[in-house]
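Here's the structure we're looking at; comments come further down.
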Amino acid sequence: MYTGRFAPSPTGLLHIGSLLTAAASYADARSNGGKWLVRMEDLDPPREMPGAANHILHTLEAFGFEWDGEVAYQSRRYALYEETLCRLQTAGLVYPCHCSRKDWQTGARRGADGFVYNGRCRNPQQRPAPQGKQPAWRIRVPDRVIGFSDGIVGGYAQNLAGDIGDFVLLRADGYWAYQLAVVADDAEQGVTHIVRGQDLLVSTPRQIYLQQCLDVPTPQYAHLPLLTNAQGQKWSKQTLAPALDLNRREQLLRQVFRYLNLPEAPEADRPAELLDWAVAHWDMDKVPKHAITTP
């Protein structure tokens with residue numbers, strides 16, 4: 001059975017880009033007779049906004065979204081992540097890293113998603129002394145191409161060794177890294193389809209590699225076009241994207257429907273009616289492949 005999900009981070013309030021992702025993932029799930037889960041990705045407390053998680057859920061309800069089951073909170077799922085890391089440790093796929101960021105980024109080259117880790121701590125003889133600090137844990141990546149067929153973008157591939165390097169699963173400050181948590185959650189929740197923004201396209205080969213290491217299914221992926229401002233920057237909390245105005249719910253839903261190349265939506269009394277209409281008219285093949293500049 002199709003199981004999709006929407007996984008916001010409570011580092012701020014929902015904005016127009018969030019609404020596009022929620023609407024597209026919801027329409028794809030419901031049009032396929034599937035479930036739509038909501039998962040709160042609250043892995044990084046220092047960056048989170050007090051009250052944002054509750055505000056996000058209230059906003060989704062106000063826009064007519066209905067999710068299946070209880071909301072999952074990553075902050076309550078640490079035991080799952082510990083079990084997942086233990087499996088990788090037992091398999092000899094991960095190692096402790098005592099490098100500071102300055103240690104390994106000095107002289108490092110840029111790859112697909114920041115600097116490529118130089119592998120200094122792969123060899124136990126070359127690891128810096130712990131100096132009483134907890135290590136990060138990294139996973140060894142293969143020198144081979146990992147690719148997949150995306151439902152919107154088409155073919156996408158990376159050589160993890162050359163483009164990314166061994167990446168962190170547990171940070172030295174004790175917080176779980178996104179890549180491990182999202183793979184563990186998707187597997188445990190039975191997620192079969194992931195519809196999300198193209199900013200996460202670069203993360204997908206890492207997640208597929210983790211899925212292979214853990215022998216769990218790889219979902220089908222579809223990465224949505226990003227909404228950008230006049231300067232070409234992705235609308236986000238960092239670029240001061242305004243929070244969704246609950247007094248303009250129908251107007252904002254019609255706006256994201258246009259971005260997704262849906263037909264012109266009819267008048268409706270409630271946002272839920274507009275979402276039902278979007279489900280009935282959903283066509284992934286018509287979703288644009290490239291970024292969309294918005295006012």
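Placement of Cβ uses the backbone N, Cα and C atoms for every residue, glycine included.
Taking Cβ-Cβ distances under 8 Å and a sequence gap of 6 or more within the same chain, the neighbours of Phe6 (L-glutamate binding site) are Thr21, Ala22, Ser25, Tyr26, Trp36, Leu37, Val38, Arg39, Leu60, Phe65, Trp67. Taken from Swiss-Prot, the feature L-glutamate binding site applies to Arg5, Phe6, Ala7, Pro8, Ser9, Glu41, Tyr178, Arg196.
On its own chain, Cys99 (Zn(2+) binding site) has Arg120, Cys121, Pro128, Ala136 as residues at least 6 apart in sequence with a Cβ closer than 8 Å to its own Cβ. Summarising the annotation, Swiss-Prot assigns Zn(2+) binding site to Cys97, Cys99, Tyr117, Cys121 and lists sequence analysis as the type of evidence.
Taken from Swiss-Prot, the feature ATP binding site applies to Lys237. Cβ neighbours within 10 Å of Lys237 (ATP binding site), excluding its own Cβ and spanning all shown chains: 18. Annotation note: Lys237 (ATP binding site) sits in a coil segment as assigned by DSSP.
Per Swiss-Prot, the feature motif ''HIGH' region' maps to 8-18. Averaged over the motif ''HIGH' region' (8-18), the predicted model reaches a pLDDT of 96.
Marked as motif ''KMSKS' region' by Swiss-Prot: 234-238.
Within the chain carrying the motif ''HIGH' region' (8-18), a Cβ under 8 angstroms from the stretch's Cβ atoms is held by residues 38, 40-44, 47-49, 52-53, 55-56, 59-60, 197, 226-227, 234-237, 241-244, 252, 255-256, 294, all 6 or more beyond its ends. Separation of the C-alpha atoms of Arg5 (L-glutamate binding site) and Lys237 (ATP binding site): 21 Å, rounded to the nearest whole number.
Same-chain neighbours of the Zn(2+) site beyond Cys97, Cys99, Tyr117, Cys121, judged by a C-beta within 8 angstroms of the site's C-beta center, are, in sequence order, His98, Asp103, Trp104, Asn118, Gly119, Arg120, Arg122, Arg127, Ala136, Arg138, Asp166.
Looking at Tyr117 (Zn(2+) binding site) and Ser9 (L-glutamate binding site), their Cα atoms lie 26 Å from each other.
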